[in-house]
Amino acid sequence: MEITYASSSSRNLVDSAEPTTTTKTNNRPVKVIRLQQPYFASSTDSSTSSPLFSVSMISKWREKAKRMSFVEWIEVFLPCLRWIRTYKWREYFQIDLMAGITVGIMLVPQAMSYAKLAGLHPIYGLYSGFVPIFVYAIFGSSRQLAIGPVALVSLLVSNVLGGIADSRDKLYTELAILLALMVGIFECVMGLLRLGWLIRFISHAVISGFTTSSAIIIALSQAKYFLGYDITRSSKIVPLIKSIVAGVDKFLWPPFVMGSIILAILLVMKHLGKTRKYLRFLRAAGPLTGVVLGTVFVKMFHPSSISLVGEIPQGLPKFSIPKEFQHVKSLIPTALLITGVAILESVGIAKALAAKNGYELDSNQELFGLGVANICGSFFSAYPSTGSFSRSAVNHESGAKTGLSGIVMGIIMTCALLFLTPLFREIPQCALAAIVISAVMGLVDYDEAIFLWRVNKKDFLLWTITAITTLFFGIEIGVIVGELGFVAVLGRLPGTTVYRNIQQYPEAYTYNGIVIVRIDAPIYFANISFIKDRVVACHLVTRLREFEVTTDGSTKRGPEVERIYFVILEMAPVTYVDSSAVQALKDLHQEYKLRDIQIAISNPNREVLLTLAKAGLMELIGKEWYFVRIHDAVQVCLQYVANAKGSAETVKHSFDRKPSLSQKFQAQLGDNTSSPELAPGDNDSLTSRDIEIVEDRRDERHPSFLRRLLKLHAQDEASSQSEPLLSREV
């Protein structure tokens, strides 16, 4: 049995090159478009037709590899060549130099602090910020990411190694170095096998709850330097609190007062650096200021009750092969967990910074670069390193343009190892503890908990369970696994107002300046990164990165413009969105806003629409950019594109003015030929329901807007059950 699609909106049909027929139903001409059956091609026509998606992933990679030039192949393994070949010395060098110096000064005290958190001598923090930085500058693909020791990885190292050996033993240090080698190998393997997508199965709520509890544990673990007595080393809150209470009779007030004062100074400098642009340098100068103040005080008064860092070896680390391989089996779970943290921290912030700076970043290539950096670092006495949120943010805010800023950071660390280690001898340990605490306080994400409670109670429960589990049972927690979602690019079937997948219907045409994307699954934590990557890929070029769709002039309609102005998200198949999806849609809106691209949303169901409204996405995107039908969204967007033809600034100003839908539809009705090259069906008259929407949206602050839109959705659902087969897709 052959299934066909029919549309009553096809008047004045023109002949099509594709096999179509025209019949009459109720005395009205109806165009019938034959359904292609990609999965059940008969043997008789197998030579002329190929199934959809018949090309395997391996075949796609092979074809892509054949198209790559010699230079592109080198850039795969040495991404630094991408910015080296186009480096603008006069424009970039001074900016990269200042950014590298700023973050390098910030890294030196932080590296020593995080090494202490990991249970290691401070010199190993400096080693971890030396070789890995230079290696990552060559093999890493991010131009703003600052790698080195970080608090969360340091806590993981301390947690697992504390149960194997005493931190004062040589075995402890050897195991930390071996762990760097194992983490590097795992990262390289995941990058080469393109397995970076696995981390997408971790919910945003899980990540937030995990980092919040980890920050509390990290802060409590540093309390011993404030209190003046030793406490139990643990990654659980109960043993830490018991140990603090049990030793309260040994409390010393000098380190507590000094540590508290330095912590207050750091927090004030960080706040001023974030809130006032002209004081931005204070955020990076905070750690150095705390160390200098503490050291000067010790030099002047020589307090015996304040513990100092002590002797630090001078000179660069020597090459050595990691040892103690008999402990590899016991270290595998921690190495995998640190690899996951590396993906969350490094790849997450690297992709965000790449979007802000206008270049693309491959997460798998990024993983490979991090892996090589850790492997090489392990041969020079480094423990696991990864990308830092705080230092990367400072690097970006300082204006870093390329990886040269990372090389400058490495040079600063080299100078510190060669010439400055004698000065580090009298640094108070409470000053280093204050640096750690000030860094992790930003990870306590109570705002996220409030947001989840308001938007999605299930995600709030997940956040709470994760946080409690991490606090009371340790940081090795499980995560929930779900299914991936799928995304399709839509085009309009000739002579209809029906929009379908352009891969399934090659005769469907698209519009210049507009990309229509349909999301074919619920959007939640397990698939949101997968979906977001593909939606972002859709607007870049006509040859899409994931879909490999090739279009020519015959499949494009509308004004000829040079870039994309609109991305329309068809959300009819989306039955559910969670807080991770809401956050990702906000990030997507922000990313498109930076590129002067407007998002429009078509036909979300009642539950999805309510969630988006609660989360503030209705106001963020703009109520005038929500539509019941794809065709309505296309018509409005075409008006903007037509006005923007020949002037990119026109659209930017039109966004600011935010004209109502009624004005756009009135302009369309006033001149049906205003949009060039519109196919039959574009100029259909508005129905009473469309006019009702237009009138309700004349003032976007109208209090009944949301209620009316929800009512229309209910009417659509009720009427669709009684309507004949007009545009049903199989």
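A Cβ is built for glycine as well, from the same backbone N, Cα and C atoms used for every other residue.
Note that TrEMBL annotation is computational and uncurated.
Per TrEMBL, region 'Disordered' is recorded for 1-27 (among others).
The annotation transmembrane segment is assigned in TrEMBL to 92-112 (among others). Sequence-remote contacts of a segment are chain residues at least 6 beyond its ends whose Cβ falls under 8 Å from one of its Cβ atoms, and for the transmembrane segment (92-112) they are 122, 125-126, 128-129, 146, 148-149, 281, 284-288, 290-291, 309, 388, 390-391, 394-395, 398-402, 404-413, 416, 420, 424, 427, 431-432, 435, 439.
Residues annotated as transmembrane segment in TrEMBL: 118-139 (among others). Same-chain residues lying 6 or more positions outside the transmembrane segment (118-139) and placing a CB less than 8 Å from one of its CB atoms are 77-80, 107-108, 110-112, 145, 147-149, 153-155, 157-158, 161-162, 167, 172-173, 176, 180, 233, 309, 312-313, 316-317, 368-370, 372-374, 376-377, 379-385, 403-404, 406-407, 409-410, 413-414, 416-417, 421, 424, 432.
Taken from TrEMBL, the feature transmembrane segment applies to 146-165 (among others).
Here TrEMBL flags 171-193 (among others) as transmembrane segment.
Residues annotated as transmembrane segment in TrEMBL: 205-227 (among others).
The transmembrane segment annotation in TrEMBL covers 251-269 (among others).
If you look up TrEMBL, you'll see 281-301 (among others) marked as transmembrane segment.
Per TrEMBL, transmembrane segment is recorded for 331-354 (among others). Within the same chain, residues 141-145, 147, 150, 152-153, 156-157, 159-160, 175, 178-179, 182-183, 186-187, 190, 196, 199, 202, 207, 360-361, 363, 366-367, 370, 384, 386-389, 392-393, 396, 475-476, 587 sit at least 6 positions outside the transmembrane segment (331-354) and bring their C-beta atoms closer than 8 Å to a C-beta of that stretch.
Look at TrEMBL and you will find 366-383 (among others) tagged as transmembrane segment.
Listed by sequence, the residues of this chain that lie at least six past the ends of the transmembrane segment (403-424) yet keep a Cβ under 8 A from its Cβ atoms are 80, 83, 87, 92-93, 96-97, 99-101, 103-105, 107-108, 111-112, 122-123, 126-127, 129-130, 133-134, 136-138, 140, 142-147, 295, 309, 312-317, 395. Taken from TrEMBL, the feature transmembrane segment applies to 403-424 (among others).
Taken from TrEMBL, the feature transmembrane segment covers 431-454 (among others).
What TrEMBL records for 460-490 (among others) is transmembrane segment.
When pLDDT is averaged over the domain 'STAS' (504-637), the result is 76. The domain 'STAS' annotation in TrEMBL covers 504-637.
The region 'Disordered' annotation in TrEMBL covers 670-694 (among others).
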Interface present between the transmembrane segment (146-165) and the transmembrane segment (431-454) (three or more C-beta pairs under 8 A)
yes
Any chance the transmembrane segment (171-193) and the transmembrane segment (281-301) have 3 or more Cβ pairs under 8 A, given the pairs are 6 or more apart in sequence?
no
Examine the transmembrane segment (281-301) against the transmembrane segment (251-269) and state whether at least 3 Cβ pairs sit under 8 A, considering only residue pairs 6 or more apart.
yes
Go through the chain and flag residues at least 6 beyond the ends of the transmembrane segment (366-383) whose CB is under 8 A from any CB in it; none is fine as an answer.
79, 115, 118, 120, 124, 127-128, 130-133, 135-136, 139-142, 147, 149, 154, 157, 176-181, 183-192, 196, 317-322, 342-343, 346-347, 350-351
So which residues does the transmembrane segment (205-227) touch in its own chain, when a touch means Cβ under 8 Å and the partner is 6 or more beyond its ends?
117, 151-152, 155, 158, 233-237, 240-241, 244, 247, 250-252, 255-256, 259-260, 307, 344, 429-430, 432-433, 436-437, 440-446, 448-449, 452, 459-460, 462-468, 470-471, 475, 477, 479-480, 525, 578-580
